[in-house]
Amino acid sequence: VGFKAGVKDYRLTYYTPEYKTKDTDILAAFRMTPQPGVPAEEAGAAVAAESSTGTWTTVWTDGLTSLDRYKGRCYDIEPVAGEENQYIAYVAYPLDLFEEGSVTNMLTSIVGNVFGXKAXRALRLEDLRILPAYSKTFIGPPHGIQVERDKLNKYGRPLLGCTIKPKLGLCAKNYGRAVYECLRGGLDFTKDDENVNSQPSMRWRDRFLFVAEALFKAQAETGEVKGHYLNATAGTCEEMIKRATFARELGAPIVMHDYLTGGFTANTSLAFYCRDNGLLLHIHRAMHAVIDRQRNHGMHLRVLAKALRMSGGDHIHAGTVVGKLEGEREVTLGFVDLLRDDYIEKDRSRGIYFTQDWVSMPGVLPVASGGIHVWHMPALTEIFGDDSVLQFGGGTLGHPWGNAPGAVANRVALEACVQARNEGRDLAREGNEIIREASK
């Protein structure tokens, strides 16, 4: 009989160092720490097997399909320099393993089950290569960077935002008042915090109404287009779309979603709604550190960012890089480019394991936020460039004279830095001097 039952090593089937990757493969780079006594080849093969067609034993139904066509393959393993017992395992997945247009299915396949496999003590997905034939099946950002600039009529500089604090406890009217002060002072956007949904102290409908009033008042007074990220995240997809619909009816230009806690299915639904109804979509990454904080286990933020670009979003939070280590800066800039650019070359020093070609998929604006203030402005302008949103929460609202003067300070600092850069001055060296001159 042709079928031979029993358990055999994964590497006999799934470790294929002679394999030449195809243009139709999705490629993954896993950082793995094998269990003591498990060879790296076996651990890499186990990862490839468990995230594609394999199971722990041979099954007779394997004979009813073409394993060679469908199996994932671990095609290369390299030790991580400076780390004991850590390896990068490269795995190629045939395109037929994935449903078109579903980030949910892609992540369920690649990382859904394999992180509990016995052979690996720890596992981290560092990067994915998404081929154009697959990325073309996704909606991508509802509008993208250029369309957003045209809608807002704002060019040649980063955009400015501010998260309204305290995040919970204000009534809707005072919340709207804080929004108005910031926008009147010169910010482009204000923002609901990620956990502001519809709590007893401030129901979503009341908040939306007072914020819309603040928006239009600030627009009339400044002559600029203003926005507030109205958080449409809700307990059900239906409720989320209901909130986005109300925002559209009020004439708001942008809504917001917590894409990891809300889930990729909900996010893609909202992205379709936003594209069909002319709403921009701001994405918050709440819960990301649960997944990406550990250096040897989980998923790197660049994978979550790639997944978001496919699922749909016009802005996404991307950390700040200010005051971090040099290496961190390069890695952060690497995935910022993955969000914005059409074509990104492989560059291991920036954490980019594969060349990524997004073809014509629109870009996402990276949002720098978290503990930044006016004195960081020269560094932020230099690092992030024009296509970004700089978001100052306490850096605006913490101004001793209040919200509007805080917003003015940010806008003046930004305009000064952009002008200095355009004049060819060195922001890194002269930054503090530029800010001092501007504040007179």
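Quick reminder: no glycine exception, Cβ is built from N, Cα and C everywhere.
Annotation source Swiss-Prot lists N6,N6,N6-trimethyllysine at K4. Under DSSP, K4 (N6,N6,N6-trimethyllysine) is assigned to coil, being neither helix nor strand in the three-state scheme.
Here the Cβ of K167 (substrate binding site) has 16 other Cβ atoms within 10 Å, regardless of which shown protein chain they belong to. Feature annotation from Swiss-Prot assigns substrate binding site to N113, T163, K167, R285, H317, S369; the stated evidence is sequence analysis.
A sphere of 10 angstroms centred on the C-beta of K165 (active site, proton acceptor) encloses 16 other C-beta atoms. The DSSP secondary structure for K165 (active site, proton acceptor) is coil. Among the features that Swiss-Prot reports, active site, proton acceptor is placed at K165 (among others).
Summarising the environment of K191 (N6-carboxylysine), the number of other Cβ atoms within 10 Å of its Cβ, over all protein chains shown, is 29. Feature annotation from Swiss-Prot assigns N6-carboxylysine to K191.
The Mg(2+) binding site annotation in Swiss-Prot covers K191, D193, E194 and is backed by sequence analysis. For D193 (Mg(2+) binding site), the same-chain residues that are 6 or more apart in sequence and have a Cβ closer than 8 Å to its Cβ are T163, I164, K165, K167, L168, N231. Secondary structure from DSSP puts D193 (Mg(2+) binding site) in coil.
Residues or ranges marked as active site, proton acceptor in Swiss-Prot: H284 (among others). Neighbours of H284 (active site, proton acceptor), defined as other CB atoms within 10 A of its CB across all chains, total 28.
Per Swiss-Prot, site 'Transition state stabilizer' is recorded for K324, and the stated evidence type is sequence analysis.
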If you take the centroid of the Cβ atoms of K191, D193, E194, the listed Mg(2+) site, which other residues of that chain have their Cβ within 8 Å of it?
T163, I164, K167, D192, N195, V196, Y229, N231, M256, H284
Candidates K191, E194, S369 (recorded positions) - the one closest to K4 (N6,N6,N6-trimethyllysine) by CA:
E194
Among all chains shown, work out which of the binding-site residues N113, T163, S369 has the most CB atoms within 10 A of its CB.
T163
Give the number of CB atoms, excluding that of R285 (substrate binding site) itself, located within 10 Å of its CB.
23
If you measure R285 (substrate binding site) to E194 (Mg(2+) binding site) at Cα, how many Å is it?
8
